[in-house]
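Straight from TrEMBL, the features:
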- A:1-62: region 'Disordered' (REGION)
- A:49-60: compositional bias 'Low complexity' (COMPBIAS)
- A:212-218, A:294-297, A:346-352: FAD binding site (BINDING)
- A:R397: site 'Important for enzyme activity' (SITE)
- A:R493: substrate binding site (BINDING)
- A:Y556: active site, proton donor/acceptor (ACT_SITE)
Amino acid sequence: MAAAAEEAAGSGGGSPASARRRLRIISGHLRGSPRAAGQEALSPSPCKAQGGSAGPAAGSIPKKRQEILKWNGWGYNDSKFIFNKKGQAEFTGKRYRLGGMVLPTFKEWIERTFGASLEHKTTSRASLNVNDVPPSIVNEEFLQDLRATKISYSQDAEDRVFRAHGHCLHEIFVLREGMFKRIPDIVVWPVCHEDVVKIVELACKHNLCIIPFGGGTSVSSALECPEEEKRTIVSLDTSQMNRILWIDEKNLTACVEAGIIGQDLEKQLSESGFCTGHEPDSMEFSSLGGWVATRASGMKKNIYGNIEDLVIHIKMVTPRGIVEKNCQVPRMSTGPDIHHFIMGSEGILGVVTEVTIKIRPLPEYQKYGSVVFPNFERGVACLREVAKQRCAPASIRLVDNAQFQFGHALKPQVASIFTSFLDGLKKFYITKFKGFDPNVLCVATLLFEGDREKVLQHEKQVYDIATKFGGLAAGEDNGQRGYMLTFVIAYLRDLGLDYYVIGESFETSVPWDRVLDLCRNVKERIVRECKEKGVQFAPFSTCRVTQTYDAGACVYFYFAFNYRGISDPIHVYEEIERAAREEILANGGSLSHHHGVGKLRKRWMKESISDVGLGMLRSVKEYVDPNNIFGNKNLL
Amino acid sequence: MAPPTARGPRPPARPPQRAGQPGRGGVGPWAPQRGGRAAERGAARRGGARRAMAAAATTAAGRARRGTPMFSQKELTSKKRDEFEDILEERRLSSDLRYAMKCYTPVIYKGLSPCKPNAIKSVVLQSEQVQYVIKQLAKEMGESPDIIQEEAVEILDEMGHSMQLGTVRFFAFTLSKIFKQLFQRVCVNEEGMQRLQHAIQEHPVVLLPSHRSYVDFLMLSYLLYTYDLALPVIAAGIDFLGMKIVGELLRRAGAFFMRRSFGGNRLYWAVFAEYVKTMLRNGYAPIEFFLEGTRSRTAKTLTPKFGLLSIVMEPFFKREVFDTYLVPISISYERILEESLYAYELLGVPKPKESTSGLLKARRILSDNFGTIHIYVGQPVSLRTLASGRINLCPYNLVPRHLPQKPTEDIQEFVSDVAYKMELLQIENMVLSPWVLVAAVLLQNLPAMDFELLIEKTVWLKGLTQTFGGFIEWPDNLCAKKAVMSGLTLHSNIARLINGHVVLNDKGVEDGAVGEIVFKRALVILMCSTYRNQLLNVFVRPSLVALALQMTRSFRKEEVYSSFSFLRDVFSDEFIFFPGISLKDFEEGCFLLTKCDAIQTTQQEIYPTDKGSVVVSFLSAMFRPFVEGYQLIFRYLSKETKEAFTEKQFIPGVRNYVFQLLEKGTTQCYEALSSDMQKNALAALVQLGAVKKKKMSNGFSYSVNQEAIHKILDVFDARTPVQKPVAARL
């Protein structure tokens, strides 16, 4: 902690400044004078006023990420699934609703689904062995120049390893059992746009390679350092550029530094009574700049839109200079939208430093809900109808039977006999009275947001449609648990890894008429590939429809298997994932809906956007970054 | 006398899981999650092993496209085949009535419940595909969609099957009676049936039997009923509907009817295609049709038709199904029911129209003996495995799936490749009876042959056939003499043993006009050749090498290959060759000839060995009728003076021409009278560019390019060497 404080001091800032700033924002809103807000909007950002008096706001994630985040797994150090002394599954920590709860049926589910056994455990290395880490090779002249800028940096092994990876299975596996061949040589922490400009200039001067790092939640191998990169690799960590620069209440926009992470952005906006409503599943850790760079999508996009709908203005630093628009307007016709070169550029063109994003007043009322359908087909038909009538709630998701059972297995111990009696009654009603087959039925979870009255009206409309497709309302609680699980589910992989179970999720978007075929075929392909590759136990292969659009849906797959008896599980896993992706493409699905391409899915880019399309992107890259300073080798 | 081909004690049934198969660790962690029957579990396990094997094959095949055939010579010779079971044996022992009334609960596709025929029809009618075409046509013709919808309903009613269990039971009963009368045995490979059972539960299944006789039609249904499997729906020609009661009976037994040609009728095409695809997608019954399109009158496999095959493949291309199994089925007859009808037909006596009275008249054949039928249900072939890495599905992703879409060129090529592959698989598992060998020997030794010599030659040919991968059903303990004798007994209408000599049974030839003598002789020769023909596809590659060796009179490999290639092109409609792999075929031919020591090859040369000349001359003699026949037909065309002619003019013309030559005695090639050969020769010339085919309002018209024909004739007469094809790295 001392070290962090020192570093923070080194960069010439401090929490006092940020606290003062936040206070100012809040008080500004308290005054509620539009005039004041207008002034706020016009006031220049402190960092620009040189002198280094301003520093980053205190975010939820410290500069030394390893202090609260796992170095070899997902999320917070204090939050994880464990098996307690009684052999029951439990989720630790107090951060999530599930924290501290015992999950009585989960162990049995794992054993049944994966053929895994608690007796067969793998052990990860307890901590990072600094001696394994490739040395930091940085030329002294650059260091001198860097020091002159007063930008904070580190050549510490832990810092560098932490920024050498995202959260793909193979990356986590390497952390547990091996070491990356190539990692960044140095980590730098700019605190504002100007710092980034300076770093990019230095990189051009010394011919270095920059890899921007936001929240580190990439699942496309986008953060992996190209092994053959001979130049010094600079990891540009944007996490200290995390201030809200201004809020414009008249136009409902906010200008935010790109390093801010989702939870901080929402927390801080909510202090002023606003939100962006952009909630990707990774929002606890992922950053605004990362969302822009991957074309992210949020759970509640039905109300708030995806990142491309939210962004009003982007400022990006490239080796050619700064790219931005001259105004902040809702739409303009000035040739192809340059934002679309930036969104999804995955760090190959430059660093996004500031983003003006739409904001909305915080919703008055939120309500969860859930619907049980007799089978997946009916569920999809219902979602399609909801999309057709354009009455989708903030979020509507449909999980298949396997995932429904999985969710069921994560049910905490019931508190009272009464609840357990009610659960039993519910189950009886659905399976016996209504005749739903518990091995076939599936569940949709819903989230409504807005005015209380409108929400209730909206709710009724959606439930009416669901009834037409044989759906039965299944309670708020199930819905809420479903959404909570999306945050917790990422922690499960670490537990699985301890017991020879590896898994991953991947996603796609697909036209409505192909949703069912795609889901069925991809799951079947996974099962078939596992068999062929010698996987000893049938895999867990499941999907859910997570987003609805006018013309199609986003489908998310979870896939995991027990790898005991396989000598090279990661290779096998990758082959199967590749086959699954090929199946998706053959079924008319896209290469990615929101995860991006990175290096993991590069091989299909040509097929996806045609030769000419790829050439268009290449020529942009060649113009913007002729010396390949941003050399993470993503996308192209 | 006991049937001479009866086997000794039956070998013990093979254990269900062969040694060496990758076991799946006993407990069955792969057992279906929904908790199924033990049979299902077995299916999964076996399926796994099979798929692993198939996958290994695909990765090899996937690498190169057309270059590597989907059909390899190694499989041909080292293949181990399943044992047969006689399904009539039980019929002879127990009550047919009880059999027909037995409890019939077939396993079905992924637990789907069978769907009523009428339900299918309404699904088809309401489908986006059909509705789209109806709307299009309504717009184009300015008519109300209702009228066109009416039309579609009529088409569906004409086409649709209406399978009823009652009718099925009726057939089960009557066919038991009839089959027992007609045939000594109906033998089936039970392992094939087991594989089929598993396939039916996994993915939609398409049954692709060979087509030699009307018996094929209900034979498979009968078989599947016996084994308690889902009955197939069978694509039948519309002509059957001409038969009063029988047509309807067939319909109720699961036949659906397609018009012979409907290329121009978009509504018909849409309704038909959707009907077939709906049945396939729902997977409640296997679909059965004949790749050859019609019964082969010559017992040679006919070149495949692609229409129906491409329809059943489409749901997979559009990923409406995960996979589709194609099951090649070889049905071999020891004696074909229609043998004499076919011979007449080939000679130009028109085929009697399908009619109920005709069928009743034909009942006299019930007193005759038609030997044994062998049905070999091949390994189900996964369409997904065949397609892997071969086709680009992008075109299907860019157009809504219900719009009719012309298949791209690579899809067409793929469909054609699959069709040929399936036919080659049929051929591979055709069972050859000893009589087939006898017929082949006899036809080279006309008019009469010493019985002992015939036996000796037959035994020799048996060895050769087995070397070439032919599947001969000749029990180990059966002596040659008995085998030949039993063949002669069964086929006494073709050949007889007189005074230690075997002669063709051409009674009544002695007296009568010359024309009549020729006709009668031709009849019996064509009948006999029907049996020899069953050998030809096994022999064709080495034989064409042998012929090429004789034609070139040189031992240079390149030149022999050029001649081989030429012959392969000329005979491309006569025999089944996988498209585009001439060189592979050549190598296979050489390989087989080397294997029986008939030739020796070096880097550059191929030459017959001393003792190989017997083989080489036998092989070329076997195909001599085709070489001579084609030459006669080409010669006739080279004299053709008319500007353009139709097939209807061509066939009688060439027949008369050959007939006259036969009467004069200038040729002995009776087989050139066969309309089948005549049509194939014409088709070959079209492909070689020596004849132009033009579509006219009432069929096709042909015109001859004299120069090209003369060139081809010169090559045949070995007056000019074959124009060198690209002899790619021999």
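Positions of Cβ are set from backbone N, Cα and C atoms, glycine also.
Recorded features from TrEMBL, shown on the structure.
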| residue | record | contacts (Cβ under 8 Å, 6+ apart) |
| --- | --- | --- |
| A:P212 | FAD binding site | A:L236, A:T238, A:G289, A:A293, A:G347, A:V351, A:V352, A:F630 |
| A:G215 | FAD binding site | A:I61, A:S239, A:I261, A:G262, A:S282, A:F285, A:S286, A:S287, A:G290 |
| A:S218 | FAD binding site | A:G166, A:H167, A:C168, A:G290, A:T294, A:G596, A:G598 |
| A:A296 | FAD binding site | A:H278, A:P280, A:S286, A:G290, A:N306, A:I307, A:H594 |
| A:G350 | FAD binding site | A:V200, A:M316, A:V317, A:T318, A:P319, A:V323, A:V624, A:D625, A:F630 |
| A:R397 | site 'Important for enzyme activity' | A:A444, A:T445, A:L446, A:G482, A:R544, A:V545, A:T546 |
| A:R493 | substrate binding site | A:G73, A:W74, A:L169, A:I172, A:I502, A:G503, A:E504, A:A560 |
| A:Y556 | active site, proton donor/acceptor | A:S505, A:F506, A:E507, A:C543, A:R544, A:V545, A:T546 |
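Just so you know, the Cβ of A:G347 (FAD binding site) picks up 28 other Cβ atoms within 10 Å once every protein chain is counted. A:R397 (site 'Important for enzyme activity') falls within a strand segment according to DSSP. DSSP gives A:R493 (substrate binding site) a helix state.
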